[in-house]
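If you look up TrEMBL, you'll see 7-17 marked as compositional bias 'Polar residues'. Look at TrEMBL and you will find 54-359 tagged as domain 'Plant heme peroxidase family profile'. Residues or ranges marked as disulfide bond by TrEMBL: Cys64-Cys144, Cys97-Cys102, Cys150-Cys355, Cys229-Cys261. The feature site 'Transition state stabilizer' is assigned by TrEMBL to Arg91. The feature active site, proton acceptor is assigned by TrEMBL to His95. The annotation Ca(2+) 1 binding site is assigned in TrEMBL to Asp96, Val99, Gly101, Asp103, Ser105, Glu117. The feature heme b binding site is assigned by TrEMBL to His222.
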Amino acid sequence: MQPSFPPSSHQPLANNMSSSSSSSTRVSQLGIAGLAALLAAVCLLHAGGAAAAELCTDYYDCTCPDAYKIVQGVLVEAHQSDPRIFASLIRLHFHDCFVQGCDGSLLLDTFDGMESEKDARPNNGSARGFEVVDAAKAALEDACPGVVSCADILAIAAEISVELSGGPGWNVLLGRLDSFTSSKADAENLPGPFDGLDVLRAKFRNATLDDTTDLVALSGGHTFGRVQCQFVTGRLYNFSGTNQPDPTLDATYRAFLSQRCPRNGDGTSLNDLDPTTPDNFDKNYFTNLEVNRGFLQSDQELKSDPGAAGTTAPIVDRFAGSQEAFFSSFVTSMIKMGNIRPVTDPSQGEVRNRCAFVNSN
């Protein structure tokens, strides 16, 4: 599959320099070392250098042109032994962006009294794929030391994961720096599997995302991946304290899940989020919601909540009927999410040497 970075709109600097006699004279005067320094300076200016910069698709064209291919190689290898990894990496990007913005804060370990977001309830025991991010970072450090941020690795990995699973590709905006801090407290308020529609919409608004189209499109990321039984047993046996199953859950699907997740069974047992095509990125997440076969309460709320009729349900219907419509909206929403409060000012962030630690630690 071809990388999603667009070809650079400009010729490499060295080629431009050699195209005229005056440039050739300059090259001979500068020598190899001088030319390398000039090239590095131009790339530094393009990449934001000493001041905050806008995100752009060609941020690493000069400084690490093979960044995408390097990350892709690590992910392809990881997927051979872990079919779940693509869905897990998208979730990491989502959980990172919803807390402090897309700044790699989720990747930090606890240090100097600052608690890691990894230990927050929505992440502890379920967020995974950190070792793959670390492997990608190590490979990038070998090729381009101190250049590619951990926050950008998450953004690149999310796009690759979708595309290699049959979903759409897009041009990833890059240039994020890594934060110096994390916030376990903020991570406790991530959108959750038991949230009702009103709560979900409020959390998306708080993240500066649209509370209907972005909410539904990004929830479509649950079209693949696995989830633990503990997140559905309430719907099966004691929904909202009624000692009855969730009435919006299809009876046949409920019987199937009851076998997979018995009342007093292992809450960590894994199930497919999408029982139809569990490892493919497609529209079947939405076709499942149409027939009340959403695994998580927060998923089915998009279609079945009384308030969904005039808000999210029509979008579910549209995506269920058109994979093209879903893919188009998903790409738009992923780009919007990836642009939530990125750190681009070098005084406010850095390119970490290791994703789990700030450089001063």
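Using the three backbone atoms N, Cα and C, a Cβ is placed for every residue, glycine included.
Everything TrEMBL records as a feature, shown here on the structure.
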residue: Cys64; record: disulfide bond; DSSP class: coil
residue: Arg91; record: site 'Transition state stabilizer'; DSSP class: helix
residue: Asp96; record: Ca(2+) 1 binding site; DSSP class: helix
residue: Gly101; record: Ca(2+) 1 binding site; DSSP class: coil
residue: Cys144; record: disulfide bond; DSSP class: coil
residue: Cys150; record: disulfide bond; DSSP class: helix
residue: His222; record: heme b binding site; DSSP class: helix
residue: Cys229; record: disulfide bond; DSSP class: helix
residue: Cys261; record: disulfide bond; DSSP class: coil
Task: Those disulfide-bonded residues of Cys144, Cys150, Cys355 having Cα within 10 angstroms of His95 (active site, proton acceptor) - done: none
TODO: Can you grab the distance from Gly101 (Ca(2+) 1 binding site) over to Cys150 (disulfide bond)? Cα atoms, rounded to a whole Å.
DONE: 13
Open item on the list: Counting across all protein chains present, how many other Cβ atoms fall within 10 Å of the Cβ of Ser105 (Ca(2+) 1 binding site)?
Closed with: 27
TODO: Provide the number of Cβ atoms within 10 Å of the Cβ of Glu117 (Ca(2+) 1 binding site), excluding the reference atom itself.
DONE: 28
- [ ] Using the recorded Ca(2+) 1 site (Asp96, Val99, Gly101, Asp103, Ser105, Glu117) as reference, state which further residues of the same chain have their Cβ within 8 Å of the centre of those residues' Cβ atoms, listed in sequence order.
- [x] His95, Cys97, Phe98, Gln100, Cys102, Gly104, Leu106, Ser179, Ser182, Ser183, Asp186, Ala187
- [ ] Within 10 Å of the Cβ of His222 (heme b binding site), how many other Cβ atoms can you find? Include all protein chains, please.
- [x] 22
Open item on the list: Near Cys150 (disulfide bond) in space, meaning Cα within 10 angstroms, which of the recorded positions do we find among Val99, Cys144, Cys229, Cys261?
Closed with: none
Open item on the list: If you average per-residue pLDDT over the domain 'Plant heme peroxidase family profile' (54-359), what number do you get?
Closed with: 97
TODO: Would you mind reading off the Cα separation of Asp103 (Ca(2+) 1 binding site) from Cys144 (disulfide bond), to the nearest angstrom?
DONE: 20
Task: Alpha-carbon distance [the residue listed as 'heme b binding site'; Cys229 (disulfide bond)] in Å - done: 15
Task: Spatially closest candidate among Cys144, His222, Cys355, the listed recorded positions, to Glu117 (Ca(2+) 1 binding site) (Cα to Cα) - done: Cys355
- [ ] List, in sequence order, those recorded positions among Cys102, Ser105, His222 whose Cα sits within 10 Å of the Cα of Arg91 (site 'Transition state stabilizer').
- [x] His222
Open item on the list: In the three-state scheme derived from DSSP, which category covers Cys355 (disulfide bond)?
Closed with: coil
